[in-house]
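Here is what Swiss-Prot records for this protein:
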{"type": "COMPBIAS", "residues": "12-24", "note": "compositional bias 'Basic and acidic residues'"}
{"type": "COMPBIAS", "residues": "164-175", "note": "compositional bias 'Low complexity'"}
{"type": "COMPBIAS", "residues": "176-185", "note": "compositional bias 'Basic residues'"}
{"type": "DOMAIN", "residues": "49-139", "note": "domain 'ATP-cone'"}
{"type": "REGION", "residues": "1-24", "note": "region 'Disordered'"}
{"type": "REGION", "residues": "161-185", "note": "region 'Disordered'"}
{"type": "ZN_FING", "residues": "3-34", "note": "zinc finger"}
Amino acid sequence: MRCPFCGGPDTQVKDSRPSEDSSAIRRRRVCPDCGGRFTTFERVQLRELVVLKRSGKRVPFDRDKLQRSIDVALRKRTVDPERVERLVSGITRRLESGGEGEVTSEAIGEAVMEGLKGLDDVAYVRFASVYKNFREAQDFQDLLGTLGGRLAGEALLPEEEEAVPVATDEAAAAPRRGRPSRKRA
């Protein structure tokens, strides 16, 4: 394998072991020319997949592009990288073992949304807003409704108001825990 640092034609494998989920082989390499060290991953590719885009164009499936799109949705979220790798590997395996040599970009997008929904709700909403091309706030509200949580500021229905406990004078006078609120001038 060519060295990514100096372009040297030969590198030596110093360590080789399976990845955490055993879906790849992790190899630690060193370049004898420049001494640069780097890691490579070797994965099984069941079949060559072709992605049929919305425009009708056909492009080869790119696992790295799938990884990047998930990483963008997860930016600044605290999700274990191993869980992300398992998600990407799982989606790739599902697509490759699907029996078809051609897969639509919609099928890939739906698989990513399904995976992100179980991984991180914020990343799910971020990805969905781009994938489904949200244009207005109502699109977000509709999607958030599918997550099952009440939206902030959403009005209660009359029958729900009765179920909400009313604060007593003691509870209202009790000191609040946590950080004090900061008043703005």
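Cβ from N, Cα, C; glycine included.
Helix, strand and coil counts under DSSP for the region 'Disordered' (1-24) come to 0 helix, 8 strand, 16 coil. Across the domain 'ATP-cone' (49-139), the DSSP tally of helix, strand and coil residues reads 56 helix, 9 strand, 26 coil.
Looking just at the zinc finger (3-34), the mean pLDDT is 87.
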